[in-house]
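Here TrEMBL flags 74, 185 as active site, proton donor/acceptor. Sequence annotations record features per position, and here TrEMBL assigns substrate binding site to 11, 12, 43, 44, 75, 76, 186, 187.
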Ligand code: DGL
């Protein structure tokens, strides 16, 4: 039988689609509903209180659609709002920071780990605290990359401009000796080839999104809410608070197996 209610995913924009792409691969029988708050993106420079309120509004929108589990597919929102949202809703809520941390701790050989993210995520020191609570002898280098999100949201993530911006921004990590780099923002996997090229092939990149879906899968089994394997044609819905045209362009380029036609939603009015 299974539980046919959808899994909800939220992000400030298109970044969480990197998590959804993994969900399509790892959870092929699950119905998915995605909401990107593109109109208010970026969340990175915003005060924590505001990010919490926006995350709450997105959560309420999806809870009204009867989702069975929520993924906060945004590091900035996970950093400040995960605990609050968990207290406010009756369904399991998964963030992206702990799964990425676990993967980094398992991967590093030389105990030099770097994390890149938005200003909000880096300021919260969430990765640093999480890594050091699991492995105190790890040296963590943290770097905010405020220009990366707009490169992705404006669909320029493979452009020459993106190459230049990524190379310049990552300069401070050049002599860090890191062997593991956490992409601590769900927008960054779209820049992955460029980032990998800049840091060199010897550095392992950790995509928190991919790790997160592994955790979702475990929780679906634990709460016995996984959909049954005979759900061969799962349903996917996409919502954005911004332009559906731009959202669909990026989503269709990034998600090669499905066709995305998003709907506009106005969260402040709802
Ligand atoms: N994708 C988001 C994250 O993982 C946030 C980007 C932003 O809105 O600044 O942090």
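Backbone N, Cα and C atoms are what each Cβ position is placed from, and that goes for glycine too.
Excluding 11, 12, 43, 44, 75, 76, 186, 187 themselves, the residues of that chain whose CB lies within 8 A of the CB mean position for the substrate site are, in sequence, 13, 15, 16, 41, 42, 74, 77, 118, 121, 149, 185. Long-range Cβ proximity for residue 44 (substrate binding site), meaning a same-chain Cβ under 8 A and a gap of 6 or more residues, is found for 12, 76, 117, 118, 119, 120, 121, 144, 146, 149, 185. The two recorded residues, residue 43 (substrate binding site) and residue 74 (active site, proton donor/acceptor), show a Cα separation of 9 Å.
For residue 185 (active site, proton donor/acceptor), the number of other Cβ atoms no farther than 10 Å from its own Cβ, over all displayed protein chains, is 33.
In this structure the alpha carbons, written CA, of residue 74 (active site, proton donor/acceptor) and residue 186 (substrate binding site) are 6 Å apart. Residues within less than 8 Å, Cβ to Cβ, of residue 11 (substrate binding site) and separated from it by at least 6 positions along the same chain comprise 17, 19, 34, 35, 36, 37, 73, 74, 77, 186.
When other Cβ atoms within 10 Å of the Cβ of residue 187 (substrate binding site) are tallied across all protein chains shown, the result is 30. Its Cβ placed at the centre, residue 186 (substrate binding site) has 35 other Cβ atoms within 10 Å. Of all residue pairs in the substrate-binding list (11, 12, 43, 44, 75, 76, 186, 187), the one with the greatest Cα separation is 12 Å apart. In this structure, of the binding-site residues 43, 76, the smallest number of CB atoms within 10 A of the CB marks 43.
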